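Features of the protein shown, as given by TrEMBL:
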TRANSMEM  A:21-44  transmembrane segment
ACT_SITE  A:His152  active site, proton donor/acceptor
ACT_SITE  A:Cys220  active site, acyl-thioester intermediate
Amino acid sequence: MNRAATATGRRAVRRRQSAGSRVVGFFGELLITLGIVLMLYVAWELWWTNIDSANAQNEVTSNLVQELGDVVIPEADHPQAEEEKDYGPAPITKIGPGETFGIMYFPSWGSSGIYHPVTEGVEDAVIDNLGIGHYPTTQQPGEKGNFAVAAHRQTHGQVFWDIDKLHEGDKIYLQTKKGYYTYTWYDTEIVEPSNGEVLLPVPHQWGMKPTESILTMTTCHPKYTTRQRMIAYSKLTDWRPLDAGPPSEIRDLVAKATS
Amino acid sequence: MYSWIFRNLPGPLWLRIIEALILIAAVVLLLMMYAFPWLNQYISPFTDSTIGQSTQ
């Protein structure tokens, strides 16, 4: 059969379709297309946003590392006495608007610990791509009261994915230009999304004067929904200056983040 | 609609299949890089991690 004959045959088949069936067929294709686009959107949310977020986080982290200058990493066989030295009360890290001011380390999460940059602000522009955002209305690191941060549970880097896996004594570290703040987890609760009381200087206590520094992490709960919020509280238990080097638990993580 | 596009792609059948795949890939990439980030401002089923704030 030659090419011209095939083309004629095709045209003949097409002519047999009525105008009505052509219209129905067109709408059918539109609906199928819409379904596929919606599925792609879910794929984008669950998968692509993590890649975008990882890239943006790497960028702000390496910018911050440059600002911090040379980070001291002690030898692996660092003497224990030096490790447990008391450096006194923690200073306050002053945060500028929109500034990426720190890196948070979670040695108990993932297979060998993870870290994420912390930026001032909790608007979409921050927490969709830059990892962790600090509520500007709450206190600064080292200040008496509540240093409260937010991050996504799923999608956009799924930063706080493992928030339900914190156990008694688990440590969370914050590295800023002042030094390393050590926070020790002590409680987790699940609240309604409107419950802003968890951000008070003393959570749930209006007008109470804070006597200690805490870290409050807020994120979505349950996983893959936004129905509730999971709130994890940790207490500031230790501090050491940058040039004393990182606490031994996060030595390798800091080396990885700042290399 | 799609059969019309496929019929009107130039070249022999094997080339038209490749062309169709490239077109699909281009559309998916445009959606992923531009359309979905824009759509995310209005419909975000999984992304609302903050608390006590009406803006999100």
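Placed from the backbone N, Cα and C atoms, the Cβ positions cover glycine too.
Note that this is a predicted model, so its numbers are computed, not measured.
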Taking DSSP three-state, what's A:His152 (active site, proton donor/acceptor) in: helix, strand or coil?
-> coil
For the residue listed as 'active site, acyl-thioester intermediate' and A:His152 (active site, proton donor/acceptor), the CA-to-CA distance in whole Å is 7
Going along the chain, which residues six or more apart from A:His152 (active site, proton donor/acceptor) have their CB under 8 A from its CB?
-> A:Ile127, A:Asp128, A:Gln158, A:Val159, A:Phe160, A:Thr219, A:Cys220
